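For reference, Swiss-Prot has these:
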type: BINDING; residues: ASP8, ASP139; note: Mg(2+) 1 binding site
type: ACT_SITE; residues: ASP8; note: active site
type: BINDING; residues: GLU67; note: Mg(2+) 2 binding site
type: ACT_SITE; residues: GLU67; note: active site
type: ACT_SITE; residues: ASP139; note: active site
Amino acid sequence: MTIILGIDPGSRVTGYGLIRQQGRQLTYVASGCIRTVVDDMPTRLKLIYAGVSEIITQFKPDFFAIEQVFMAKNPDSALKLGQARGVAIVAAVNQDLEVFEYAARQVKQTVVGTGAAEKAQVQHMVRSLLKLSANPQADAADALAIAITHCHLSQNVLRMSEGRLNLARGRLK
């Protein structure tokens, strides 16, 4: 049994989602958002670090997966996102977790089937895959999708290393 923590970083709202993987079975553990309502960036970063550290201490995940930075239209937004990612990653590394990073398009492709999926589609698929009674908050759903992506992609790598991955014309069968 493995617990995966997925993080959808943001300077104002950082989503988190935890799932349990047992073989191919995925089970919902917890999810939510770390909200930073203060204006100054150093305090926001401190709150994100403390929140992620607390989640890691409470749930003791085996793996930490986080969304990669994408090129935003506004360079200032991209820098703030990078800082939020940085403190979340430091929180994980300080507790000896290996960090895995996934691009947003890769997460959407894995969970929804298209890299151009809308947030509502991600929420719907996360709800369906984890058998939830309601759609999770958008940022929490993204974090759960990141954790799901880690499970699926790490399973494929494991199967490849064991020589059990079936490929036809370069695609998974």
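Glycine too: its Cβ is placed from the backbone N, Cα and C atoms.
Feature annotations (Swiss-Prot) mapped to structure.
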residue : record                : DSSP (3 states)
ASP8    : Mg(2+) 1 binding site : strand
GLU67   : Mg(2+) 2 binding site : strand
ASP139  : Mg(2+) 1 binding site : helix
Rounded distance in angstrom between the Cα atoms of ASP8 (Mg(2+) 1 binding site) and the residue listed as 'Mg(2+) 2 binding site': 6
Surrounding CB atoms that lie within 10 Å of the CB of GLU67 (Mg(2+) 2 binding site), all protein chains: 25
Cβ neighbour count within 10 Å of ASP8 (Mg(2+) 1 binding site): 26
Other CB atoms, at most 10 A from the CB of ASP139 (Mg(2+) 1 binding site): 24
Rounded to the nearest Å - Cα separation of the residue listed as 'Mg(2+) 2 binding site' and ASP139 (Mg(2+) 1 binding site): 11
